[in-house]
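Engineer: Please read through the structure below; I'll follow up with questions.
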Amino acid sequence: FALSLYYLAMVGHGISIVSLIVSLVIFSYLNSLSCQRISLHKNMFISFIFNSVFTMGWLSMISVGSQSISAINPISCKILATLVQYTTTANYFWMLCEGIYLHTLIIVAVFVGEQQLFWYYILGWVFPIVPVLTYAVARGFYFNDTCWISANSHLLYITHGPIYAALFVNLFFLLNVVRVLITKLRKTHCAESTTYMKAVRATLILIPLLGVQYIFMPAISNEYYNQVIFSFVSVFSNFQGLLVAIILCFCNAEAQTALRRKWAQWQIAWGKTGWGETPYVSNHCHTNSSIVETSRATGTVEVPAAASSHPQTTKTATSCLRCSMEPTGRKRQDKDTQTETINLRMNKQQR
């Protein structure tokens, strides 16, 4: 049974690593998705990748059997166990960063300027060091078993306590955001609130998915059946990276739209659009929801650096956007009026 759980854990972490790397490539390659929220996604993906790598290394080290486990280097084994605790704590604090960012963007964006990601990096990467180092020192002095395998120690709550706090605070923030967005939707029915609602819904789904093992942990006793249930819950947690990649990347409408646009550009570049077809896909005439998102937080309209450095490109993009917003009949009427004006001017010159 333990060997089956080990193989399930290795498979789950392996699939999670692959899916998270694919998600990172998508977010990094598609420049149209570049914004602060995507930067938070990428940092959370990196924390999940590190957690899967360290967990696979630690499980491989302690699964050699009771006869050979005494031959393991205790220093390296305990360092890996500490890194697993650190990356696990970082996962939940980066999810807390997602909730704080959405809460600040939607609730208090009027009172703050552009958000500084520096403080999110401190909360996501630096703050988890404090409880993890405290846990490592306490474990070394008071419960120093082999490779720190045993989970029958209350010292685990040194790291699990901040994780519980992050889950509850994040849940409070996101429920407050949902309340405000529902109020806006009832009054205005604006598309902006609908877009934010999708992002908040995705983060809300992650809270029970990522915290399911910690919800059941206080109820686990030494009975056999309870430990079996906890074992399966722990195996489910090994696929968390895959679930995060699916919810935040593969099911992301912005990412899907950007991928379709990039695929159409590749088809045009390689001449695979069909016989006699010359479709036109503009590189500039598309709405960048990431720029709109940041601009709404700051109250200003941000123009990408590439577009601002080329006035002609900006002019072309503005004209394309303006043309796309006008009705077809009006465009034809304006074109006919311009043609008549030009003909009148030519007749006057000839006279």
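Yeah, the Cβs are placed from backbone N, Cα and C, and that goes for glycine too.
What TrEMBL says about a protein is an automatic prediction, not a curated fact.
Below are the features listed in TrEMBL for this protein:
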- 309-321: compositional bias 'Polar residues' (COMPBIAS)
- 328-338: compositional bias 'Basic and acidic residues' (COMPBIAS)
- 339-351: compositional bias 'Polar residues' (COMPBIAS)
- 5-252: domain 'G-protein coupled receptors family 2 profile 2' (DOMAIN)
- 302-321: region 'Disordered' (REGION)
- 326-351: region 'Disordered' (REGION)
- 6-27: transmembrane segment (TRANSMEM)
- 48-72: transmembrane segment (TRANSMEM)
- 92-111: transmembrane segment (TRANSMEM)
- 118-137: transmembrane segment (TRANSMEM)
- 157-178: transmembrane segment (TRANSMEM)
- 199-216: transmembrane segment (TRANSMEM)
- 228-253: transmembrane segment (TRANSMEM)
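Map the listed features onto the structure and describe their local environment.
Structural biologist: Sequence-distant contacts of the transmembrane segment (118-137) (same chain, at least 6 residues past either end, Cβ-Cβ under 8 Å): 40, 43-44, 47, 78, 82, 85-86, 89-90, 93-94, 96-97, 100-101, 155-156, 158-159, 161-162.
Remote same-chain partners of the transmembrane segment (157-178), defined as residues 6 or more beyond its termini with a Cβ less than 8 Å from a stretch Cβ, comprise 85, 88-89, 92-93, 95-96, 98-100, 102-103, 106-107, 128, 131-132, 134-135, 138, 196-197, 200, 203-204, 207, 210-211, 214, 217.
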Engineer: With a Cβ cut-off under 8 Å, give me the same-chain residues at least six positions beyond the ends of the transmembrane segment (92-111) that come close to it.
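Structural biologist: Here the qualifying positions are 36-37, 40-41, 43-44, 47, 120, 123-124, 127-128, 162-163, 166-167, 169-170, 173-174, 176-177, 180-181, 196, 199-200, 203, 206-207, 210-211, 293, 296-297.
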